[in-house]
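Working notes for the structure below.
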Ligand code: ADP
């Protein structure tokens, strides 16, 4: 999957509001190997990688081919965190670790309300979290052993999750150094 001097590709995914960006920013700061945080939703907007904007749902319909073309060289170079609310579109070969963040749905509701999402978008996301949609997607798209489900409800969770991912990175690095 990787040449020895290439950094890992870490996907951080989960229902909107579970804490992906918060985790990705902190991880990029603290990681023992250089990791560039890619907020995929922002990239889609900034680089016009969408087909349309859906007013009703207040969301972009992504042009998946364009998005994958944009990301391919970054994923090949490695050393990135892909932060997005869906993960199945990323080819299996890209991923070294897939972190799925989870949050109690009442807490998630409050977080999404603060974002001023339309009610039906809050409901849809809330339901998706209860139904474990993103977790199922991750488990069906990547090998079992690289998918990790982590709670993201409190600050303590954030800290322990980052510690855990950093331990994974250290082990990953050691494996490569020995190879
Ligand atoms: P996402 O990128 O998944 O949409 P964000 O990282 O933007 O989520 O987080 C949404 C909100 O929830 C932010 O206000 C953030 O501070 C808060 N939050 C995220 N994770 C945690 C956590 N583990 N503990 C407390 N607050 C959190």
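If you go along the chain as it appears here, the first residue is 1 and each next one adds 1.
In case you wondered, yes, glycine gets a Cβ from its N, Cα and C as well.
Please treat TrEMBL annotations as automatic predictions, because they have not gone through curation.
Looking at 103-113, 114-124, 125-135, the range tied to region 'LID' in TrEMBL is 114-124.
Segment annotation: TrEMBL labels region 'NMPbind' over residues 39-62 (candidates 15-38, 39-62). Long-range contacts of the region 'NMPbind' (39-62) within the same chain, counting only residues at least 6 positions beyond its ends with a Cβ under 8 Å from a Cβ of the stretch, are 21, 24, 70-71, 82-85, 117-118, 120-121. Residues of the region 'NMPbind' (39-62) grouped by DSSP class, helix first, strand second and coil last, total 7 helix, 10 strand, 7 coil.
Remote same-chain partners of the region 'LID' (114-124), defined as residues 6 or more beyond its termini with a Cβ less than 8 Å from a stretch Cβ, comprise 16-17, 56-59. All protein chains included, residue 115 (ATP binding site) registers 11 other Cβ atoms within 10 Å of its own Cβ.
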